[in-house]
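According to Swiss-Prot, the protein carries these features:
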type	residues	note
BINDING	Cys449	heme binding site
CARBOHYD	Asn197	N-linked glycosylation site
CARBOHYD	Asn299	N-linked glycosylation site
TRANSMEM	13-31	transmembrane segment
Amino acid sequence: MDQVYLPQSVRTAVAVSFGVGLLYWVYRLLLQKTKSLKALDLPVLQSVGDQDIVKTLEEGHAKYPDTPFALGVPGQQLVVLPVSEIDTVKALPENQLSIKKHHYNQFLGEYSYMGTKADEFDDAMRYLLVRNTPAVLASFTAEIDYAMSTVLQVPPNSWTRVKPRSIMPKVATILSGRAFVGLPLSREPDWIESNVNYTQDVSRAWMVLRFYPHWIRPLVAPFLREVKTLEQNKALIGRKIAKLLADQEAQKLSPAQEKIPGGDMIDWFKSRYQAQGKTATAQQLTRDQLLATFASIYNLSNALTYVMFDLAANPAAVDELREELDQVLGPNVGAESIDKTALPRLIKLDSFVRESQRLSPTSLVNIPRIVTDPNGLRLKTGHVIPPGYLVMVRAQPINQSPTLYPNPERFDAFRFARLRQQGGANENRWQHTSTGADNINFGHGIWACPGRFFASAEIKVVVAYVIRHYDLRLIEGRPHPKPKYGGLAIFPDAGAEVELKPRV
């Protein structure tokens, strides 16, 4: 059949009509959201784009510092709670406030497994992972040289530009994979690529699908490239896990071999199922592995990226961190020697990492929950939030509090080390992994991130390795890279660079 060519004027008219129709559809969606939020009898703030969200939240907090307000952002609507409500929400069970429902909705649980985790997964993460931090740390230190030398190939005797956001997902995948599934699987190129892509595709798919109503997502999602590759990566990882389990069964029949660090997480997952009289299937363990992978790679690689920016911007602090490594590990001893006794003594390093997180958290708000109590969520302010609504606690007023942190806008590398020197409860209160009303960047309460000890240990091993082996600096004439925003999420600039030079 001959092709039909429309005149330019006709094509333009069609394009304009489509654009007008699309704008009207978006307008109708925003209008529907506003009506829904107005039904709450709360003040409503509307952010029309990702880049004005910070300003909108600051405006809301300035006007309503001690009471909730409703917020509409691109693709999302929620109730923003004041800091005073942290104690209200921190300990409520799933049948009153659900973090799982939030994760399922936010991270496309029907495609990603998010929000579908089993009790056995929670037990393994909450108890076995925390209890066995020394074993996890041993896997990191055993793998750090391989991970960094594989991913970060910098020629000697010269400054080389690198993009931390490009390299850190692979570093996090290799290190976490050593702890999760062990060698040799954790080093297989297709395993690394699939885990990195899975994590990135979850967030990319959400960035697109958030603009569609929930009822239409099942119609749109199968046609998205991100969802297609998400399914492909899930399938490959599932096949790898099934083979790993088969190999483990076969090894039981072989003579015992000396245990090398790594591969503990899969065993911990299996043990929690066995404790309940169950045998974990390959599909269940694949789901558990992917859930752990997303948490470790996405948040961890972002945190490592921010830390790299902060190291490059603060050379004097880097010198002090190296001195601390000398004092704790010994002169010129590398990150490979960090163990369970050395890690808690790296107080300045802990402070540096927490300060980086304070100024570059994962989200502008935290402690996300969907109200599931049929009677709603009753706040201290007297407001009742009906079931089905998303609530979150504002985090920026804490992170930027001049009362808690003098000159809060300034990066002060050893701010928390000085606070810990005050002694008493301050020793624990100001650690990187501590949560409370003064730090909700890991959440708080019964659903505080159980992997924060895992993440903190991994970040410190990477930082120790980097500053032992490289000098860092910002590119001359360029400012400290600024974060990007997608909805309420904060993520580092993927195009931002720093310069590295191997140390002699």
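Keep in mind that glycine also has a Cβ here, set from the backbone N, Cα and C atoms.
A 10 Å cutoff on Cβ-Cβ distances gives the residue listed as 'heme binding site' a total of 19 other Cβ atoms nearby, all chains included. Non-local contacts of Asn299 (N-linked glycosylation site) by the CB criterion (under 8 A, 6+ apart in sequence, same chain) comprise Thr362, Ala455. Residue density at Asn197 (N-linked glycosylation site): 18 other Cβ atoms are found within 10 A of its Cβ, drawing on all protein chains shown.
A helical conformation is recorded for Asn197 (N-linked glycosylation site) in the three-state DSSP classification. It is 23 Å from the Cα atom of Cys449 (heme binding site) to that of Asn197 (N-linked glycosylation site).
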